[in-house]
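Peer 1: Taken from TrEMBL, the feature region 'Disordered' covers 1-31. Positions annotated as transmembrane segment by TrEMBL: 176-194, 206-233, 254-276, 282-303, 342-364, 376-394, 415-432, 438-454, 466-496. What TrEMBL lists as domain 'STAS' is 539-634.
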Amino acid sequence: MGHSILSIDDKDDGSMPPSRRHANGEPNVQKVAVPPKQNMLKDIKSITKEFLFSDEPLRPFKNQTIARKFLIGLQTLFPILEWGREYTLSKLKNDLVAGITIASLSIPQDIGYSKLANLEPHYGLYTSFVPPLVYACMGTSRDIAIGAVSVISLLLGTQCSAEADPIKNPIEYHNLVFTATFFAGLVQFLFGFFRLGFLVDFLSHAALVGFMGGAAIVISAQQLALILGIRGFTKKNDIVSVMQSVFGSMHHGWNWQSAAIGTPFLAFLFLATYLGSKNRKFFWLSAIAPSFCVVTSTVIVYLTRVDRDDVQIVNYIRKGINPVTFQDIYFSGKYLAAGMRIGAVVGMIALSEAIAIGRTFAGLKNYKLDSNKEMLAMGSMNMVGSMTSCYVSTGSFSRSAVNNMSGCKTPVSNIVMSGVVLLTLLVITPLFKYTPKAILGAVVISAVLTLLDYKEMIRIYKIDKFDFVACMGAFMGVVFTTIEMGLLIAIVISVLKILLQVTRPRTALLGKIPRTTIYRSVEEYPDAYKVPGVLITFFYRILRWLVDEEEHLTAKGLPQIRHLIVDMSYVTDIDTTGINELELLFRTLQSQDVQLILVNPGASVMDKLHSSKIENVIGPSNIYLTVTEAVKRCNPKTTIDEV
């Protein structure tokens, strides 16, 4: 194979205009321009607009009459006024089917989830009556099904019970739940009003997957007490304590009649869920299976009267619509701080779950989800809910999936579901008297295990190992300690990852790809070669690269580095700390007789280099627009062998 000697830079073939040449024929080197000085107030305004108002929410109001602006404002706050004008009978048919379907899934789940929150069964039904109505008027997702959900119920129940005993002080406990729900809604509303949704992203997707998976394990283990009819079950949530309580009562606390009722129905629910996930034609089976199990098991208990043999039954669900509870919310007193703290935590988790669900289905159906309107809707429905005997509600993934597969077209499916729940509260609740608690445990287990997304965990492991650490940290924290500790671990690891990415980004040594003027990582492109006497790298951890490279050159008896080129193409901004570090780097390299050269600093970076006078310290002639120009100036006579 032949070799030819070429200059490291592309040859000038004479096509370059004379104006771009020096008198001696050398190509002109384009100087990096310093951007015009910006007014500080204008700069702050520009940054704020880009950060909080990148979607220009006020654009529709521009050049409109006062009446038109008022109407647009109402439509912004209540999207139902906009899409409702195009609502048709065919859409209503789809929404009716979807609403009735998700109601059949929601009612038994709500009764079971209320126990996770240490509340009576009717509170779960209340939570699926009022909040969905509010969301239907204010939300932008066509697919989210609103109501009580397992993880939020458990999180709210564990945190509130740590402040007020639900058995010894039921009134204080109930009022604390309503208080936490109010402040959860207030936090969500303020997030939307001030457009602070980016804060929710501090809880990364990976950490949320681990948190949800761990909660699914803990919730499922707790339901064994209902299926096995165990009384005096542990109040702790970690898996070790729960399993010790389960097996510790094996010889004296298990009720075989409860197990005989709960186990077969649990197997049936698993089968229905499996068939529904494998074949879209059978999704209706997984949707109606919980209601079928509740009705069938209730009839069995009523006919056999096994409740006399210590089989635990629901016994009583209060009849009637939601009582007003505005007067029960703590706006002062010893529980105010606890209510605010719990509300903020639960509200953010509920918001993260709802936004994730909304984005998922919006992507599948190719429509836009307005995250800020979603936050306003979630906040409003929870504040209204706290005043009407509801606890924190959010979107349910399982019900939203059923809603989607049932063919829903608009949020009207939530209104239909709410109507079915209302009918249940007014008429059907007395029929739940003989419903065995074992079947509620089975319904909860079958629902929450869908949150254990092991496939997504495997995918996270393949994509990003640090994300997997965050996922497993949250998972293990929830399973082996407490829900709160798992949540704390998830947040800490998520924030730590962001800090590491900001302060310690990935670095690379750059080499020139043969027959091009392109410089890329020598690890990514093994054929890329280093330029003798020149080290090219990104901005961070430069001294480490320099020491390593000089040791390598010394070992091979090659010339030492005389120029260090820093490619700043990917540095979008630099602060005063970065400026100081850059000056320190220059002084350190100067003492080692190595010239620092900067390449392609962006407008913001160049502005700050100029303002801080670092540009003059380094020298304007040592700042270039491209790596090729910098290398040519550092070593214009360098030649290399090219295949």
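Cβ atoms are placed via backbone N, Cα and C, with glycine included.
A TrEMBL annotation is a machine prediction, not a hand-curated record.
Please go over these features one by one and say how buried each is and what sits next to it.
Peer 2: Counting residues 6+ beyond its ends, the transmembrane segment (206-233) has Cβ neighbours under 8 Å at 116, 150-151, 154-155, 239, 242-243, 245-246, 249, 253-255, 257-259, 262-263, 266, 310-312, 349, 352-353, 356, 437-438, 440-442, 444-445, 448-454, 456-457, 460, 464, 467-468, 470-479, 483, 486-487, 490-491, 493-494 in the same chain.
Same-chain residues lying 6+ beyond the ends of the transmembrane segment (254-276) with a Cβ under 8 Å from its Cβ atoms: 226-230, 282-287, 289-290, 293, 296-297, 300-301, 306, 309-312, 436-439, 441-443, 445-446, 450.
Proximity of distant same-chain residues to the transmembrane segment (282-303), defined by a Cβ-Cβ separation under 8 Å and at least 6 residues beyond the stretch ends, is recorded for 101-102, 104-105, 107-109, 261, 265, 268-269, 272-273, 275-276, 311, 313, 402, 405-406, 431-432, 434-436, 438-440, 442-443, 446-447.
Sequence-distant contacts of the transmembrane segment (342-364) (same chain, at least 6 residues past either end, Cβ-Cβ under 8 Å): 140-144, 149, 151-152, 155-156, 159-160, 163, 176, 179-188, 191, 197, 199-200, 203, 205, 208, 211-212, 371, 374-375, 378-379, 382, 392-397, 400, 404, 487.
The average pLDDT for the domain 'STAS' (539-634) in the predicted structure is 83.
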Peer 1: Please list the DSSP helix, strand and coil residue counts for the domain 'STAS' (539-634).
Peer 2: 56 helix, 12 strand, 28 coil
